[in-house]
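Asks: Annotations for this protein, taken from TrEMBL, read as follows:
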ACT_SITE  ASP277  active site, proton acceptor
BINDING   GLY107, GLY109, ARG110, LYS130, ASP142, GLY143, ARG200, ARG207, ASP287  ATP binding site
BINDING   ASN278, ASP287  Mg(2+) binding site
Amino acid sequence: MQIFPQPLEQTIFTNSFVEELLGDPSQENVPRQVPGYHYSPVQPTPVPDPHLLAWSDELAAFLGLVRPPERGPAVELLAGNRVATTMQPYAARYGGHQFGNWAGQLGDGRAISLGELGAVDGSRWELQLKGAGPTPYSRRADGRAVLRSSIREFLCSEAMHHLGVPTTRALSLVGTGDEVVRDMFYNGNARPEPGAIVCRVAPSFVRFGNFQILLAHQELDNLRQLADYVIRHHFPELGVPSPAVYAQWFAEVCRRTAIMVAHWMTVGFVHGVMNTDNMSILGLTIDYGPYGWLEPYEPGWTPNTTDFSTYRYAFGQQPRVALWNLMQLAQALTPLVSEPNADLRPALDTYVTTFNQARQAMLLRKLGLTPQPDGQPDYALTEALHAALETAEADMTLFFRRLSHLVPVLLTEATGSGPAVQQLIEEVSYNPAGAVHGPLQEWLEQYAQRLGQESAAPEAIRAGMLAANPKYVLRNYLAQLAIEAAEAGDLTDLERLYHVLKTPFDEHPAYEDLAAKRPDWARTKPGSATLSCSS
Ligand code: AMP
Ligand code: MG
């Protein structure tokens with residue numbers, strides 16, 4: 001019986017992944033292929049001066065943990081300087097398709113899982129350190145992470161959670177006291193940056209790529225064992241694994257992936273590197289790297305310079321890419337079912353229908369509209385909105401938030417062309433040229449008419465929309481400003497941002513600056529407009 005809350009260093013960990021799956025018997029912590037195993041046991045490498053920079057009180061409370069002091073035993077655990085006796089740290093073996101090409105073995109090159117602990121509701125959560133030193137999967141890299149990318153992962157995974165998007169979580173951000181050399185844009189400008197470690201938390205970090213590597217090596221017993229482990233622990237409602245259950249499980253993975261991507265499209269999140277090793281088997285957003293948030297609504301946008309030749313992972317491509325990734329997962333699972341085509345293909349159709357329905361339901365909620373029995377006219381309305389927002393170069397987050405406030409006016413005036421509408425368009429558009437505003441103006445007129453068919457009171461519609469349209473998202477330039485200040489030793493910006501991102505649908509009068517449209521100087525700023533995989 002656990003007594004909550006307790007200090008991390010007194011928590012008892014369990015290690016189901018390590019105990020129920022096959023571990024590499026070699027203790028050699030050098031880059032190598034690890035055929036035949038699911039993971040490699042590996043110890044984190046200590047850092048010079050671990051100190052706490054950020055902590056998620058809300059996640060900690062759920063996990064029954066007390067906030068630790070800046071330095072001490074808990075922070076040493078969160079930096080990998082100390083390993084509790086009940087922990088059995090490991091790095092998982094996985095492969096993946098990177099930018100559409102099979103890349104062979106990748107694996108946890110800088111992530112080390114410590115073990116699982118029980119939350120206050122009895123569920124079990126795995127703790128994983130990102131940047132805790134080399135593993136057999138580090139290939140030519142150092143196993144470390146810089147403060148810049150660690151702040152981005154900490155803030156964004158917590159922000160996504162509070163927006164209601166399925167995601168891995170972040171418990172802590174720890175500075176290492178060490179420097180790590182990175183060439184941020186792979187252009188010969190390597191420089192030392194402060195090092196950091198995020199402790200991320202999820203029920204499991206298993207990815208599509210964990211299955212793919214096993215098929216690639218024809219390790220079919222290992223493939224089945226991993227599938228059984230995942231079903232037993234994370235999809236127990238499906239029952240005892242059998243060919244029929246594997247098919248149902250795949251359908252559920254498709255369904256969850258569809259919901260996750262629908263959320264991304266709804267909040268304007270661009271993952272940036274949707275390689276199959278970055279796709280969670282639980283349908284969680286995972287591996288926050290060169291991600292970005294839409295400012296002007298632009299389906300072709302990605303911040304990831306590594307993707308500038310094909311734009312494979314641009315915002316508007318994400319639903320299609322997730323489907324492609326699911327097809328690769330289906331391929332990996334074929335040995336588990338009797339008739340791959342009949343057993344797995346319908347789930348891919350499920351993905352498409354679930355995505356379309358979820359996306360539309362989320363959009364209607366943002367627009368304060370009740371789904372109609374025959375939804376067809378509303379599909380036309382929402383389709384037209386995407387095009388109008390793009391043409392008007394409208395800030396997506398600001399548009400929906402301002403629109404929520406405008407609803408009572410639209411209903412009273414019963415027109416979408418009054419001065420308040422003009423003002424809204426001018427405020428949310430990044431392009432002052434009136435000509436590009438036309439389609440959005442027309443759309444608002446159609447919307448005002450459609451809104452008139454709603455029976456709820458204007459105030460109720462407005463309140464519903466304010467609960468669906470966040471005021472605060474992790475704007476790219478705000479993250480970058482917080483990073484630059486933190487690198488100079490000032491955590492104020494990071495703390496202010498984190499504060500609003502925890503309640504993004506609320507008004508925070510003292511934090512209006514964090515809800516502002518992207519200033520022009522940030523339009524092309526490296527680190528906010530552009531990023532790479534170097535982290
Ligand atoms: P990502 O692009 O972050 O998904 O990483 C792709 C692969 O490279 C994964 O196997 C990572 O573990 C590995 N990797 C990325 N950065 C590092 C690093 N600094 N040290 C070791 N491995 C890394
Ligand atoms: Mg990754």
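Please read every residue number as a count from 1 along the shown chain.
Quick reminder: no glycine exception, Cβ is built from N, Cα and C everywhere.
What does the local environment look like for each feature on the list?
Replies: In this view, ASP277 (active site, proton acceptor) is surrounded by 24 other Cβ atoms within 10 Å of its Cβ, with every protein chain counted.
Listed in sequence order, ALA111, LEU127, GLN128, LEU129, LYS130, GLU153, SER157, THR168, ARG169, ALA170, LEU171 are the same-chain residues at least 6 apart in sequence whose CB falls under 8 Å from the CB of ARG200 (ATP binding site).
Within the same chain, residues at least six positions away from ASP287 (ATP binding site) with a Cβ under 8 Å of its Cβ are VAL273, ASP277, ASN278.
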Asks: Give me the largest Cα to Cα distance among GLY107, GLY109, ARG110, LYS130, ASP142, GLY143, ARG200, ARG207, ASP287, the residues the record lists as binding ATP, in Å as a whole number.
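Replies: Overall maximum Cα spacing for these binding residues reaches 22 Å.
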Asks: Tell me the Cβ neighbour count for GLY107 (ATP binding site), meaning other Cβ atoms within 10 Å of its Cβ, over all protein chains shown.
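Replies: Here the count is 25.
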Asks: Would you count the other C-beta atoms found within 10 angstroms of the C-beta of ARG110 (ATP binding site) for me?
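Replies: I get 21 for this one.
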Asks: What binding-site residues among GLY107, ARG110, ASP142, ASN278, ASP287 have a C-beta sitting less than 6 Å from any atom of ligand 2?
Replies: ASN278, ASP287
Asks: Which of the listed binding-site residues (ASP142, ASN278) has the least company, meaning the fewest other Cβ atoms within 10 Å of its Cβ?
Replies: ASP142
